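Visitor: According to TrEMBL, the protein carries these features:
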type: DOMAIN; residues: 100-273; note: domain 'Yip1'
type: TRANSMEM; residues: 119-140; note: transmembrane segment
type: TRANSMEM; residues: 160-184; note: transmembrane segment
type: TRANSMEM; residues: 196-219; note: transmembrane segment
type: TRANSMEM; residues: 225-249; note: transmembrane segment
type: TRANSMEM; residues: 256-279; note: transmembrane segment
């Protein structure tokens with residue numbers, strides 16, 4: 001127990017109220033007033049901007065910690081790629097519509113990405129296109145020989161892996177080569193516009209969205225409709241790519257411009273035509289033969 005005369009014990013002084021009541025003109029100072037006075041003094045000498053800047057920095061740090069983002073994370077870690085999947089649904093929808101309806105003079109990166117590329121949209125576009133090609137190819141084969149008594153349908157699940165290899169290789173390796181080319185040319189010519197690797201991957205991923213409805217039109221065995229859908233999809237997809245990367249090419253040497261644009265369009269066309277020829281090819285039936293994966297059933301035994 002502390003003694004009554006302990007100098008470190010908090011005490012209440014009743015005389016304070018009496019003194020204030022007797023002298024109403026007295027000035028009182030509290031700790032809060034000192035804090036307010038010090039803030040005003042700092043504002044008067046020009047520290048107001050620094051104090052005001054503390055709150056945005058604190059809020060950014062708080063948001064970064066809550067969202068799990070780490071700007072300094074190495075590119076081989078999951079934390080580095082996490083920010084590319086943090087995107088709103090309406091942004092993905094706007095980017096898909098922008099890739100389906102390209103407008104002359106509008107750069108896809110500047111208008112839709114705005115220095116915020118994502119991998120969420122390109123990943124699901126490529127995945128959807130893989131399954132659309134595999135399913136449409138199997139369905140087209142089934143409809144082709146439907147009603148043939150000598151034909152037994154067998155699903156070709158191997159088409160999924162082949163389509164995935166083709167689509168994802170195109171969506172990653174081609175942007176990698178283009179990024180290396182643009183980086184090399186920007187070092188040669190300093191005034192060239194440069195894009196990051198993730199921005200190029202994002203553009204290529206969204207440029208494949210137009211092929212999803214085109215693949216569905218390949219199911220009927222109408223060749224003119226298939227080739228028409230290929231031409232339309234190829235024109236739209238290539239237009240997005242060429243108009244997007246044109247600012248990074250227009251100041252380069254004419255031969256480099258022609259070769260790069262031709263390579264972009266040619267690789268895009270090879271992907272479309274290759275998928276059509278491999279997954280939707282019509283094999284000619286000879287006498288007593290059917291195309292794979294058909295099986296001939298005769299007298300209860302298959303040959």
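The backbone N, Cα and C atoms fix where each Cβ goes, and this holds for glycine too.
TrEMBL entries are annotated by machine, without manual review.
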Visitor: Could you pull out which residues elsewhere in the chain have a CB under 8 Å from any CB of the transmembrane segment (119-140), counting only those six or more residues past its ends?
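Guide: Cβ under 8 Å, 6 or more out: 81, 84-85, 87, 92, 95-96, 155-157, 159-160, 163-164, 167-168, 171, 198, 201-202, 204-206, 208-209, 211-212, 215-216, 218-221, 275, 279-280.
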Visitor: Same chain, outside the transmembrane segment (225-249) by at least 6, Cβ under 8 Å from its Cβ: which residues?
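Guide: Apart from its flanks, the transmembrane segment (225-249) reaches 98-102, 104-109, 178, 182, 185-186, 192-195, 200, 203-204, 206-208, 210-211, 214, 217-218, 256-257, 260-261, 264-265, 268-269, 272-273, 276, 280.
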